[in-house]
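Undergrad: Checked Swiss-Prot, it gives:
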BINDING   His51, Gly52, Gly53, Gly54, Ala55, Gly56, Lys57, Thr58  ATP binding site
Amino acid sequence: MREPGFWYRPPSLLSSLLRPLGAIYGAVAAHRMAQPGTAVGVPVLCIGNFHGGGAGKTPTALALARLLLELGERPVVLSRGYGGRLHGPVSVDPGRHGAADVGDEPLMMARDIPVVVARDRVAGAALARSRGASVILMDDGFQNPAVAKDAALIVIDGDRGLGNGYVIPAGPLRAPLPPQLARTDALIVVGRGRAADPVAAAVKDNGGLLLRARFLPAEASLAALCDRPVLAFAGIGDPARFFATLRTAGINVAAERVFADHHPYAKQDLAGLTEIAGRDGFTLVTTEKDLARLRSDPAHAAFARSVVPFAVTLEFDDAKALRDFVIEKLTQARDKHRRAGRS
């Protein structure tokens, strides 16, 4: 599903007409967020968004996983597995599972870190613990109360911010902002844009940590695309950001094709892309997430080999502040668990 364009424009007649529905949706979401979660025995760090759509949760999860490994932890990612058919809990095996089974994001992350997919988050956390997790990284699920969270790190795009600030379906917010701010421990602003400044100020006023980060392209991707006109395509939450990242890196984006988030590519989609690339001499480039979907389908394997993945990592402006924050939250969580165990 593609997000409506009016979400990220000034309030309009349509968004105003939808605000009563947003008020109902928001009231339900806020009530749900207030419910107590189940403690799962190990620290839980949740990476989420205030809004629907993409903002960089997956690169953030991978960056946090690398930090946790440096700290001697054994992180396991817990994901709902959006777009996959398996309800779980199941440990993701890239050699056995495809995107249609577990979703594209878990499949991509499972190349680097253990990932558990589960619609039932508590059951998924139990499986993660059985796999030796010393820390659970919850990928999304900020608004889901099932599992008690020891820290919530919210990711936001600095260029887009929160759009019109309304709740779904009138705007992009998954719940009213005040109850979300109250549960936010850190805000990660990705990119140099200033659209997120108001919410960043609100998080700081609430005592939360503000972190800024940016995407860094992998050298291999830059080398493969240097001096070539490319046809860039993506089926992610914010394809415009992907295209902008390519251009910022100096890539000659000659053409773009946008698909819905988590789009299951069909034969005709790939035939159309191949025809344009062949006719105009373009190199095909897409996101790692899209390529994970393509590679996992045997029918699309040949096409996937013709596509260059544009790999990125997330670099924090103040890596020490993030490290200190994580260490503090892990220490607090373990102290709390010990006290609960003695009571």
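Glycine is no exception: its Cβ is also placed from the backbone N, Cα and C atoms.
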Undergrad: Identify, in sequence order, the residues in the chain of Gly56 (ATP binding site) that are 6 or more apart from it along the sequence and have a CB within less than 8 Å of its CB; answer 'none' if there are none.
TA: Val155, Asp157, Ile188, Val190, Ala213, Phe215, Leu314
Undergrad: Specify the count of other C-beta atoms within 10 Å of the C-beta of Gly53 (ATP binding site).
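TA: Looking across every protein chain shown, the total is 20.
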Undergrad: Got a sec? Which of these binding-site residues, His51, Lys57, has the most Cβ atoms within 10 Å?
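TA: Per the Cβ count within 10 Å, the most buried is His51.
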Undergrad: May I ask which residues of the same chain, at least 6 positions away in sequence, place their Cβ under 8 angstroms from the Cβ of Thr58 (ATP binding site)?
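TA: In sequence order, the residues whose Cβ lies under 8 Å from that of Thr58 (ATP binding site) (at least 6 apart) are Glu105, Met108, Met109, Asp139, Lys289.
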Undergrad: Non-local Cβ contacts of Ala55 (ATP binding site) (under 8 Å, 6 or more apart, same chain)?
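TA: For Ala55 (ATP binding site), the qualifying residues are Asn49, Val155, Ile156, Asp157, Arg160, Val190, Gly237, Asp238.
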Undergrad: Counting Cβ atoms within 10 Å of each candidate's own Cβ, which of the binding-site residues Gly52, Gly54 comes out highest?
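TA: Checking each of Gly52, Gly54, the winner is Gly54.
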Undergrad: Apart from His51, Gly52, Gly53, Gly54, Ala55, Gly56, Lys57, Thr58, which residues in this chain have a Cβ no more than 8 Å from the mean position of the Cβ atoms of those residues at the ATP site?
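TA: In sequence order, the nearby non-listed residues are Asn49, Val155, Asp157, Gly237, Asp238.
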Undergrad: Check the DSSP secondary structure of His51 (ATP binding site), expressed as helix, strand or coil.
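TA: Once the DSSP labels are grouped into three classes, His51 (ATP binding site) ends up as strand.
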Undergrad: By the DSSP assignment reduced to helix, strand and coil, which category contains Lys57 (ATP binding site)?
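TA: In the DSSP reduction, Lys57 (ATP binding site) maps to helix.
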